[in-house]
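Features as listed in Swiss-Prot:
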BINDING   Lys255, Lys474  substrate binding site
BINDING   Asp389, Asp391  Mg(2+) 4 binding site
BINDING   Asp611, Asp615  Mg(2+) 1 binding site
BINDING   Asp611, Asp615  Mg(2+) 2 binding site
BINDING   Asn758, Thr762, Glu766  Mg(2+) 3 binding site
MOTIF     389-392  motif 'DXDD motif'
MOTIF     611-615  motif 'DDXXD motif'
TRANSIT   1-55  transit peptide
Amino acid sequence: MAKVLFSSFQQTGISGSLKSGQLSGVFINGTNLKSNAHAKRFRKNSTSSITIRCCASNSPTLENTKLAGAPEKRQKKKQLPYQGILHVPGDRVEELDTRETSLLVAEVKGWLMKLASGKGEISPSAYDTAWVARIASESDSSLPEFPEALEWIINSQLPDGSWGDDRHLQLYDRVLSTLSCLVTLKTWDIGHNSIAQGTKFLRENMIKLKQDDGDLLSGFEVTFPMMLHEAKQLGLDIPYETEFTRLLEISTKKKLAKIPLDKLHSAPTTLLYSLEGLQDLEIDWQKILKLQSKDGSFLSSPSSTACVYLKTKDRKSLQYLQNAMEDQNYAVPCHYPIDLFESLWVVDTIERLGIDVFFRDEIKAVLDYVYSFWTNEGIGWGSTCLVNDIDDTAMAFRILRMHGYNVSPDAFNQFWLPGDKFCCFVGELSHGVSEMLNLHRASQVDFPNEAILTKTFKYSHDYLLNVDSAHMDKWATKKNLMGEVAFELANPFHDCLPRIYNNAYIKHYGMDDLWIAKTIYRLPLVNNKVFLELANRYAQQCQLYQPAELTKLVNWWHSSRFEDIPSTRLTANIDMLPYIYYVICATFHEQEFAQLRVFFSKACCLNTLFDDLMDCATSIEELDRLQNVIERWDISLSHELPLEYRIPFQEFYNTVLVMTEAASKIHKNLSPEFICKYLSGIYTKLIKSEIADARWKIEGYIPSFEEYMENAEVSISTWVHVLMSILFCGEPLTEEILNTIYDSRPLKLDRIICRLCNDIQTYKIEMKLGQPTQGVSCYMKEHPGATEEDALVYLQSLLEKTKRELNESYFITHENDLPKNIKRFNFEMVRMMLITYNETRQVDLFRNPDNELKDMIKFCLETYRTL
């Protein structure tokens, strides 16, 4: 039914103070946004609400239409229980400086083009730079090969005597980095003052180290003990015997004992990343060279590669280190390169913040680069990395699939271990929350018959549901990772609208997030102030046009005189207008889709109202008369209809004329006559299907499930909003496209999904309201002995299957495919429906709104000022 989508948003609380006549304005805390839309700024954090107000005047009549016999105005309705709940921020947005936005966009475009060429930015690692600085010159062993690295070490010591990230004190990182720098300085016998300050820091802080609380650095159990051993040999005055070091020694011995040397020498594993910590093992360093990446590194680790060079004097290893030093301004990071990881996370961040509208071409270039390294076994963090991981593979799989690249979920098979467990790397002992979150997100873009993604979804979902809120992630220190997890679990991919998702992530996004490897590091192109400022600016920009568009819709409602319809069960009223409007704003938010938003909102109102009327129908004779008028599509026959049918038909008719005029200006290749026939045909098809529904109800007829679905797929009406709105979605259209689009596979899947999710959630309520014809009852009639639960299981399985088919239809480009924005609108129409009838909701949101849905709509209205 038409109301299934829009009615739920009717409950979110924007109040309407309405009288018949000319619209006076849309008010926030008494300020008229119609006359003062962008000039006023309200107090920040004030609790303002929207009121729609009209001044008294004679009600305008419909053009070319005279409504005879209209009843007197009804008494003002008492306020509905859901009114007055939703508030918009008191801090009104002003016109934005587009020059500043343009500068931000230009800066980010520069970053993306750098990533597309394999370049990026990562913070230097004192630990790794110190390892590289140990290397002696080939021509004179008394001199360093990289004197600039030694100079950087001395100049980068922090005021407290330590080395490491200067904006965040992570004790393990500071101690390890400081120890590495001291060993290097002591080896070259330089920087005595720096050594003194560094040893003082270690003496004061090593005793503060505690047993692993889940925040140890990657490989710390092997790298730190080895550094202690070397420091002791050099005579550094630091505490070697502490409770922590004793416990760590026990843990390290156990870990080293489990390492199979044959595997270490024969196949690339994560052990290659920390070879400098494995020097006590009987390693054949010449065999290790066979596991070298093509760039000369060992798993893109400068410190591990430096260790191998010190053992072997391998020229390829040295060349890698020389390249890294030159490229990174003589202070190497803990990963080099990290190009695939960085590129994927930059694109993901841009899309989650909702600013990808500025960077379509640049994102395509970055993803082309990433895709060139995709394999059937997944992907690693760098283009030369020989070990793939589930985190990068999941992120790459999801983003590449959503952008139409051909990627196979078989890449996840290698991460599935005996005992029904997934791992990030082979040999991993514990999970990180962030990797499971990315796996969970990737699992939701599945196609039919992809069993491995069913496994990944269940595994990651169960893990995230049960993870301790105090759990420390292995791979990142983020602003609010558990907040991200909670939001993702509550808002599955198909059940969340774009701007709701974007605005939520604006709250969770951290400009100063840290990443964890052998040391902590930063990715300035992933976490920065520019992204957040641009995201906030765009969120505000999306609000600038809203008052004028909503005002236009309110004026239209009053000119249509819907409130004159005499029906005691009519739930459609002007209060639903803001909710319908903000739903489409949360989806097609771009400024160029202004006409689409307005006409979509009108279509939703009309369909909701007419669906209500069909639910109330009791006369076969009146239905026959209505069908005759609809099929002939003749406004002169509207006087034959009772008032409750006459008013909406006249508005259907007038809306088609208005839309025809607007669409004709856009699609000059299409005649107005063709467009008018196209639009009237849509409404004719819809209304005839709703008449059939009403006829079945009056006659008490329960059809077979197949017969029911054939009509119910039409009466659900969501396809109507798609077919009408595509005229304004910015795509060139032809008569052939418009004549065949209804029968296209995406539209067919849309109709099935929307009907099924409606029936699954509302069948009990509709039975109580005397509407026995719905999917559950038809299935039970066709399968004698089947219970309601049996019917629901069948409908739910059919729904999930069809959602996977919709994913495939949307993300994969097919021959003779629909234009991109049409596919997008169709997909988002389904998401609008699914967010309304989420499987966790067991009520009819048309009559019983819930706080969760209200909160979601608040996201559409909020402007975040976090800078």
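Cβ coordinates are placed from backbone N, Cα and C, and glycine is handled just like the others.
Under DSSP, Asp389 (Mg(2+) 4 binding site) is assigned to coil, being neither helix nor strand in the three-state scheme. Counting only the Cα atoms, the space from Lys255 (substrate binding site) to Asp611 (Mg(2+) 1 binding site) is about 67 angstrom.
Note on proximity: among Lys474, Asp611, Asp615, Glu766, the binding-site residues of the record, the Cα nearest Asp389 (Mg(2+) 4 binding site) is that of Lys474.
A separation of roughly 10 Å, to the nearest angstrom, links the Cα atoms of Asp615 (Mg(2+) 1 binding site) and Glu766 (Mg(2+) 3 binding site). Applying DSSP to the motif 'DDXXD motif' (611-615) sorts its residues as follows: 5 helix, 0 strand, 0 coil.
Lys474 (substrate binding site) falls outside any helix or strand according to DSSP and counts as coil. Annotated pair Asp611 (Mg(2+) 1 binding site) and Asn758 (Mg(2+) 3 binding site), C-alpha to C-alpha distance, rounded: 14 Å.
A Cα-Cα distance of 41 Å separates Asn758 (Mg(2+) 3 binding site) from Lys474 (substrate binding site). The Cβ of Asn758 (Mg(2+) 3 binding site) has 24 neighbouring Cβ atoms from other residues within 10 Å, across all protein chains displayed. A simple Cβ count within 10 Å picks out one of the binding-site residues Lys255, Lys474 as the most packed, and that one is Lys474.
Spatially close to Asp391 (Mg(2+) 4 binding site) yet at least six residues away along the chain are Cys424, Gly432, Ser434, Glu435, Asn438, Leu439, Trp475, judged by Cβ distances under 8 angstroms.
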